[in-house]
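See structure below.
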């Protein structure tokens, strides 16, 4: 059964309620070409009592295979989350209902307000009197019609007594300071790591250098994120910092997954080489991360107004899940390999220590992936729009905790407690522990 335009509009409205709010509302200018969608979502933004939305449209043309469309059936409006359910009910009760007629929306203007052809333009700023999180929509209720237009949107709150524009949503104005603070923490972390490596030169392996590189990329990524958000907050555009942000984010994410896989295999500190199956995991994870970062750029730099935006979200989610599952396998393989080795090499205490280490690392990785993928998403969904920054803070705190634990567990130490040979009594105790099934996953 084919979906009617009305059904598509209802699904889009429902999707709007489920999607987390974007952290920025950059000044955007885009061209809509022969678009027949009944509804187009442009922005989702948290307003204070001094909020404004400015919409400018030009070069507007509407074509239809039927009669000349009624210009009052096409227009822009704001919709709050509280009014979403009411609008959905109206759409379900009346199949011919046009959303621009709803009493639950804040109608900004219709195409009846456009200047006469050939210019067909409109430009006006609208104050938002009631603080809330609103979505900016364009609605097209003219049947069998397609719209072409150039749209410029500017959404902001006024600060400092109405003299300064803040282009970040009400729940995201704290992000520049938040990211800058965490960048300083990682710079300090890097200094401590470099000092530790310098004092334990004999125990430093190639994996420790990669881990240091990961800290460098994380710090640079956060600095660029802070600058990106700062310039968007002040000017409405990132001034090129978004490009640097995506570059360092790509390198950081690839390095993070690579480090987790290599640690999981025991590369460089337990063995100097990778097995074929371990190489295949890296050959799968790295290209998938390239695709995931491409999807991230499309999602971050465009918005729901492009037709394939939802598809890109699905691609990113699917690829991220596959990568998260893939990096678990090397850790499981190492645990099983150590269990098999412990039965034949006669070094029960050392194998027990290694098994303990890898089992703890397995739990830490699972906890990190669960928190940053599930708990953080839940926080973004349920938190009030004024507190959206809390989910970003929770994600950064969880990431920092994961880095601290991982780096501590695999730090370069000459006499690592996990790899010290013990006496005969401890060997016997370790053999008994290994015979039990406590390390089965």
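Quick reminder: no glycine exception, Cβ is built from N, Cα and C everywhere.
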Of 312-333, 334-355, the range TrEMBL labels transmembrane segment: 312-333
State the residue range annotated as transmembrane segment by TrEMBL; the candidates are 141-160, 281-300. 281-300
Could you check which of 122-138, 207-223, 224-240 is flagged in TrEMBL as transmembrane segment? 207-223
Can you say which of 389-410, 411-432 is given as transmembrane segment in TrEMBL? 389-410
Between the transmembrane segment (389-410) and the transmembrane segment (177-195), are there at least three Cβ pairs closer than 8 Å, leaving out pairs fewer than 6 positions apart? yes
